[in-house]
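First the structure, which I've put down as structure tokens, then a few questions once you've had a look.
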Amino acid sequence: MALPIVAIIGRPNVGKSTLVNRLAGEQTAIVHDEPGVTRDRTYMPAFWNGREFLVVDTGGLVFNDDTEFLPLIRQQAMTALAEACAAIFVVDGQTGPTSADQEIAEWMRQQRVPVLLAVNKCESPDQGLMQAAEFWELGLGEPYPISAIHGSGTGELLDELVNHIPAVEDIPETNEIKVAIVGRPNVGKSSLLNAFVGEERAIVSPISGTTRDAIDTVIERDGQTYRLIDTAGIRKKKHIEYGTEFFSINRAFKAIRRADVVLLVLDAVDGVTEQDQKLAGRIIEEGRACIIVVNKWDAVEKDSYTIYDYEKTLQSRLHFTEWAETIFVSALSGQRVEKILELVKTAAESHKRRVSTSVINEVLTDAVSWHSPPASRGGRQGKIYYGTQVSSQPPTIALFVNDSKRFNDNYRRYIERQFRQQLGFKGTPIILLWRSKKVRDAEIGNVNRATRVKLS
């Protein structure tokens, strides 16, 4: 059963995101002294007096301006309100009621959900009561004076809110796969998200950077739940100004860190850029599973060699992610978009997979019999005593050898390929830890001969 939803509504820069962060108990929505910082619907879990619910942060509502993406923001806010069981209308107690507040209040009175009026920026309790009293004229009932930044007054607001929230009992835990969607600005990340969801969930605009928060959306396919995290586009450092974009990029990096699988979205027209390479490096650094999604494939002129040539370019420019699955899609038309989730599920399973020590050593025995470890100039050969998986997410295998320095990069890559080919680790990095160990220590530490690597 889904959690009930509470929509946070208001004009720009009244403190909606600050209130969401207060209710959710963490800074997730981007807060900055700039109107219009929040553009998409951002869902965060909250809890009060035994009731669980989701608070939805929306963009600032402006009814009399159709420039840029303001009509899209209105659509997002309206969609959030349509799925909510209650709404909090946030106003600015320091400025008093405005014509924009009046317009929103008139619209809110026409909605089916109960509306609570939160008068924010009431930092002084005594003055706050007087500031809040001015908002009775909006016709939405009792105004609640609060300070979202300090937390004062929010308890009374929440006490009333939970009266309008249905209790959620026995919510089943979902075995969800967390998927971060990352890439440079304007490569089609939000369009891809919308193609998954089937609605305009994230704002899509040709204006670069229309997504600023890391936004969570939960979908289900064939009994599997996926949490999709759309993120702000990541640009080169020299193009980043301190402010909302700086915080957005930090959000994107955090999204990579908490994801099971990362979709690295590339622009088929632009090809692989230096920034794409750096993003891929960040994904590897965090040890995440990865799918390379080449978007806008419909915009590329093709012949029978196009996809082959593009794959060669990927192998050359992103050679360190050769283990990642690649798919060519069009988020705009939906071409092959659903196939992405199949690859995600496989990669997530590989990412958390554990393999028994006996199976690992069977693979090593075969690998050594096919290709012996290299020998040093003095004729001393490298020996692999045994291997064992020490962790997952990503799969990490410790290999105990006589001298790790005797195994060059080529042989190490060969062993990794053998694990992938024989154990099916698709879409996930594998970490091999080469540990030098004296012969006697290896024998003592590996009493079970069934797990010993047979050396030819």
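Residue 1 is the first one shown; counting continues down the chain.
Just so you know, glycine gets a Cβ as well, placed from its N, Cα and C.
According to Swiss-Prot, the record shows the following:
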- 10-17, 57-61, 120-123: GTP 1 binding site (BINDING)
- 183-190, 230-234, 295-298: GTP 2 binding site (BINDING)
- 4-169: domain 'EngA-type G 1' (DOMAIN)
- 177-352: domain 'EngA-type G 2' (DOMAIN)
- 353-438: domain 'KH-like' (DOMAIN)
Using DSSP, what's the helix, strand and coil tally for the domain 'KH-like' (353-438)?
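So the counts come to 32 helix, 22 strand, 32 coil.
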Report, as a single number, how many Cβ atoms besides its own are within 10 Å of the Cβ of W297 (GTP 2 binding site).
22
If you measure K189 (GTP 2 binding site) to T58 (GTP 1 binding site) at Cα, how many Å is it?
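Computed Cα spacing between K189 (GTP 2 binding site) and T58 (GTP 1 binding site) is 19 Å.
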Distance between C122 (GTP 1 binding site) and N186 (GTP 2 binding site) at the Cα atoms, whole Å?
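Answer for this pair: 39 Å between alpha carbons.
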Of T58, N186, which of the binding-site residues has the most Cβ neighbours inside 10 Å?
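It comes out as T58.
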If you count the other Cβ atoms within 10 Å of each Cβ, which of the binding-site residues K16, K189 comes out on top?
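Top count of Cβ atoms within 10 Å goes to K16.
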To the nearest whole angstrom, what is the C-alpha distance linking N13 (GTP 1 binding site) and G183 (GTP 2 binding site)?
28
Counting every protein chain present, what is the number of Cβ atoms, excluding its own, within 10 Å of the Cβ of C122 (GTP 1 binding site)?
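By my count, 26.
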Whole-number Å only: compute the distance from the Cα of N186 (GTP 2 binding site) to the Cα of L61 (GTP 1 binding site).
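With the alpha carbons as reference points, the distance is 24 Å.
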Measure from the CA atom of G183 (GTP 2 binding site) to the CA atom of T58 (GTP 1 binding site) and give the result in Å, rounded to a whole number.
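Each residue's Cα considered, T58 (GTP 1 binding site) and G183 (GTP 2 binding site) end up 23 Å apart.
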Return the count of C-beta atoms lying within 10 angstroms of the C-beta of G183 (GTP 2 binding site), excluding that atom itself.
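Around the Cβ of G183 (GTP 2 binding site), 25 other Cβ atoms lie within 10 Å.
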If H, G and I count as helix, E and B as strand, and all else as coil, what does DSSP give for L61 (GTP 1 binding site)?
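Reduced to three states, the DSSP call for L61 (GTP 1 binding site) is coil.
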